[in-house]
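Record features (TrEMBL):
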- 22-43: transmembrane segment (TRANSMEM)
- 68-450: domain 'Ammonium transporter AmtB-like' (DOMAIN)
- 77-95: transmembrane segment (TRANSMEM)
- 102-122: transmembrane segment (TRANSMEM)
- 134-155: transmembrane segment (TRANSMEM)
- 167-186: transmembrane segment (TRANSMEM)
- 198-216: transmembrane segment (TRANSMEM)
- 228-247: transmembrane segment (TRANSMEM)
- 267-286: transmembrane segment (TRANSMEM)
- 298-317: transmembrane segment (TRANSMEM)
- 323-344: transmembrane segment (TRANSMEM)
- 356-378: transmembrane segment (TRANSMEM)
- 411-432: transmembrane segment (TRANSMEM)
Amino acid sequence: MGNCSQGCKDYFSRQKNTNIRLTLPVVCFVWQIAMIILFGVFIRYDKESNAHWVETKAHDNITSDIENDFYFRYPSFQDVHVMIFVGFGFLMTFLKRYSFGAVGFNFLIASFGLQWALLMQGWFHSLDPQTGKIFIGVESLINADFCVAGCLIAYGAVLGKVSPVQLLVMTLFGVTLFAVEEYIILNLLHARDAGGSMVIHTFGGYYGLAISRVLYRPNLHQSKRMQGSVYHSDTFAMIGTLFLWMFWPSFNSAITDHGDGQHRAVINTYLCLASTVLTTVAISSLSQKTGKLDMVHIQNSTLAGGVALGTAAEFMISPYGALIVGFFCGIISTMGYIFISPFLEKTLKIQDTCGIHNLHAMPGVIGGIVGAITAAAASESVYGKQGLINTFDFTGDFKDRTVLTQGGYQAAGMCVSIVFGVVGGAIVGSILKLPIWGDPADENCFDDEVYWEVREPATHHLLQPHSP
């Protein structure tokens with residue numbers, strides 16, 4: 001028994017090999033070929049993107065192409081797509097020597113994840129029982145981006161500490177878990193979560209934190225020299241912050257009902273984000289003896305309001321209510337970076353590179369609570385009878401549900417997202433811990449040179465005098 005235990009210990013502690021010349025191409029080629037085959041079998045255009053749209057218009061008495069869902073949803077899709085590939089990518093460029101990994105690996109896992117998400121979400125949400133096909137349109141693309149967002153959030157916890165192969169494996173399982181928990185929360189529990197406080201942020205946050213805990217590196221201090229930021233890397237990260245901050249109203253409103261719900265979601269998110277900035281700046285200044293601001297807080301905590309208002313964005317929370325949510329989110333998120341992050345690393349051994357607990361997990365839980373309270377407090381006098389039905393989709397099997405019951409199911413949805421994130425992350429983390437994925441050694445974390453060709457500027461040539 002002792003020999004077996006020692007053998008396992010030696011296996012997991014053997015010297016790291018970061019040469020992924022074979023594994024990364026094999027995974028990319030095999031998985032992309034699998035996507036092509038699965039799309040060929042299952043994926044088809046929906047009626048609004050099919051060439052038979054002309055016949056559909058005539059059959060449904062549609063008089064203009066402007067009524068095609070594309071024209072309602074595409075502007076929001078553009079904004080969400082920019083958030084996924086530019087916002088998330090550049091937000092993670094704060095590390096002084098990991099900008100290629102931040103933007104490049106973000107690009108890689110998002111490109112794979114959105115394909116897998118279209119399949120997984122299609123199988124759970126839109127599989128036609130008669131044809132066995134999944135019909136996709138512009139709203140499917142938005143939902144796939146939402147699904148990918150959960151995996152990019154999780155990436156933030158392990159940024160600089162894992163290989164691209166591990167990230168692809170993490171995305172494969174993350175998208176799968178996301179599709180299941182999304183189906184449970186939105187379809188079975190019938191909770192409302194337009195901006196994904198629970199489904200996206202809470203799940204993605206705890207999924208990443210659980211993986212980071214399992215992959216704990218006791219000697220990570222050996223890479224401490226690479227873990228900080230420099231002036232230009234913080235500036236690049238702020239670009240990501242501003243893209244996310246500007247487009248977050250689109251993120252929270254992208255799949256809400258046309259009309260008042262979408263309009264209200266934009267207004268509420270817009271106000272909540274603005275309020276968050278002021279309280280973030282206030283707490284950041286108060287936390288320093290000299291009153292100076294910490295760029296980490298400004299890059300991250302200013303976005304927490306958008307996360308926290310995701311569930312209640314389309315509810316009648318009122319403009320001042322949105323400001324209140326943002327007010328407290330800025331305080332709580334910034335305090336998280338100051339006090340909770342060190343506690344998580346020192347006591348719970350969770351090495352959270354980007355602080356996703358403070359930007360996504362904790363504000364996501366706040367969003368779930370705000371959504372549950374707001375739903376339970378909804379009344380016909382505020383929403384109107386039809387407005388109450390439309391906002392909470394009290395139709396079909398749920399036509400007799402009361403607002404108090406809805407509030408309870410909203411809270412249950414939050415619990416489901418936490419459980420899926422923690423348990424799923426622990427299982428996936430155990431898989432990623434196998435020493436076969438080419439992850440870096442403790443002394444080589446947070447360094448682009450491990451997986452990228454880094455061409456340094458030849459500054460020494462510039463200092464040499466020109467020969468005559």
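Every residue gets a Cβ built from N, Cα and C, even glycine.
Simply put, out of 77-95, 167-186, 267-286, 298-317, 167-186 has the most Cβ pairs sitting under 8 Å from the transmembrane segment (102-122). Using a Cβ-Cβ cut-off under 8 Å and counting only residues 6 or more beyond its ends in the same chain, the transmembrane segment (323-344) has close neighbours at 209, 271-280, 282-284, 287, 294, 296-297, 300-302, 304-305, 307-309, 312, 317, 350, 352, 355, 357-359, 362-363, 366, 370. In this model, the domain 'Ammonium transporter AmtB-like' (68-450) carries an average pLDDT of 97.
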